[in-house]
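Structure, as structure tokens:
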Amino acid sequence: MSHKILLVNGPNLNLLGRREPSVYGHQTLADIVAELNQQAKLAEVELEHIQSNAEFELINAIHATDAQMIIINPAAFTHTSVALRDALLGVAIPFFEVHLSNVHAREAFRHHSYFSDKAIGVICGFGSQGYEFALAAAIKRLNQPL
């Protein structure tokens, strides 16, 4: 496998399947990652995954990765984390921002993102399928000739 994508999931996403299923769906994070691993394997791309409720662990994973692309669901850090934004900008790895719910149809504080203006694209409101869309787009970009 010549390409690698880092999948970053932020706080509380470890509770998927149990936390507000009417908003976030019934799939667990493990289910979602398993499906993405199959999609990546078919495309002969390596998918590395981290989920953490600790901002510094996500930052350290971004600093340490040798991936050529990042897919990130910053979760609640979307609206608060300049540090995570700076980590992404510091490594200069292109990234897609994903959200399970349509953040623009929710509370006003969820409308602001510290990431959207720097992301290749933002996918929200499609549930777990949003990750599949982001992975397909990332794979397509990685396979485009320079």
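Quick reminder: no glycine exception, Cβ is built from N, Cα and C everywhere.
Here Swiss-Prot flags Y24 as active site, proton acceptor.
In the three-state DSSP scheme, H99 (active site, proton donor) falls into the strand class. Close to H99 (active site, proton donor) in the fold, though at least 6 residues off in sequence, lie N73, T78, V122, I123, C124, G125, G130, each with a CB less than 8 Å from its CB. Look at Swiss-Prot and you will find H99 tagged as active site, proton donor, backed by sequence analysis.
In the three-state DSSP assignment, the secondary structure recorded for D86 (substrate binding site) is helix. Proximity of D86 (substrate binding site) to non-local residues of its own chain (separation of 6 or more, Cβ distance below 8 Å) is seen for none. If you look up Swiss-Prot, you'll see N73, H79, D86, L100, S101, R110 marked as substrate binding site, on the strength of sequence analysis.
The Cβ of R19 (site 'Transition state stabilizer') has 12 other Cβ atoms within 10 Å, all protein chains considered. The site 'Transition state stabilizer' annotation in Swiss-Prot covers R19.
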